[in-house]
Amino acid sequence: MFTVQVLSVVEECGAVENDSCNDKKKALPLKIIAIVSILITSMIGVSLPLITRSIPALSPERSLFVIVKCFAAGIILGTGFMHVLPDSFDMLSSSCLKENPWHKFPFTGFVAMLSALVTLIVDSMATSIYSKKNKNGVLPESQGDQEMAVVNHADHSHGHHHYGSKLDVEGSQLLRYRVIAMVLELGIIVHSVVIGLSLGASNNTCSIKGLIAALCFHQMFEGMGLGGCILQADYKLLKKAVMAFFFSVTTPFGIALGMALSTTYKENSPRALITVGLLNASSAGLLVYMALVDLLAADFMGPKLQGSIKLQIKSYIAVLLGAGGMSIMAKWA
């Protein structure tokens, strides 16, 4: 996604980029700015859901949290369909690649389909394995704090009902949240490294400037989606911090790696096009599956949204805004 290869793959193999834009010295400070700004916005995005739990309006039990999560899921869905998948199609249909087999078979669609199916298998198998290991149910790793919060809440409202619903979530639902958080983190990390690698290897100042703004926007809201999943998984503070850290540093790491490999990494070389194209296709399948099945379908078919048509409509609007925002950005990035 957001890869700059698209600018070159449409040209003849080995073509030189526009001289007015291709400037290594001017590109270097832009890449450093990209590393810092993307790191900061990624940290803000993934941390927001984790640090706002103390704010009643943004707790996972409230409607606003569901709406924000749906918006972030729309961002992830738009990323898969409007950025990652088209980039993969462009790369694997490049004139730099041999006619046979790359122009004879739609590898992008095939790999994306396989990726979605493999994600389903991992999702299902991981849930089964976790279930067998935790026959008595999965309790939050921050159980002590949870129980104190429930007791305190009982002083102000219907404590028994709240505690009962909490225990329901602590069973199979909590287990699902943990599997979803882990699989989504894996998929996001893969495509984040690919994004960074492409940006770091490019010296095209014309494309880098727009990509920095686009990536900051994307990383913040994608981070919010992941942060919401991590929050619902109810991990200990250390695990939350580790998952947030890996999300935040993967794109800056990819940029640094691309800068280091810029002398040997050629955007329109057959090897680079095939590798990045296939990685993008697999990322697209995973992201689309996670957005539709584990995030949107799970919420919209769940009891909270099924119990309120008004909340469903608000959530649909949030999804459309998220996916629409990413679709509009495809014009520039």
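Glycine too: its Cβ is placed from the backbone N, Cα and C atoms.
As written in TrEMBL, here are the features:
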| type | residues | note |
| --- | --- | --- |
| TRANSMEM | 32-52 | transmembrane segment |
| TRANSMEM | 64-85 | transmembrane segment |
| TRANSMEM | 105-126 | transmembrane segment |
| TRANSMEM | 179-199 | transmembrane segment |
| TRANSMEM | 243-261 | transmembrane segment |
| TRANSMEM | 273-292 | transmembrane segment |
| TRANSMEM | 313-332 | transmembrane segment |
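The stretches the transmembrane segment (273-292) and the transmembrane segment (64-85) meet in space: the count of Cβ pairs below 8 angstroms, excluding pairs fewer than 6 apart in sequence, reaches at least three.
Against the transmembrane segment (313-332), stretch 64-85 has more CB pairs under 8 A than any other of 32-52, 64-85, 105-126, 179-199. Between the transmembrane segment (105-126) and the stretches 64-85, 179-199, 243-261, it is 179-199 that has the most C-beta pairs under 8 angstroms. Counting same-chain residues at least six beyond the ends of the transmembrane segment (179-199), those with a Cβ under 8 angstroms from any Cβ of the stretch are 1-5, 31, 34, 76, 79, 84, 119, 122-123, 126-127, 130, 208, 211, 215, 219, 222, 225-226, 229-230, 232-233, 235, 243, 246-247, 250-258, 261, 265, 267, 276, 279-280, 282-283, 286-287, 290, 294-295, 298.
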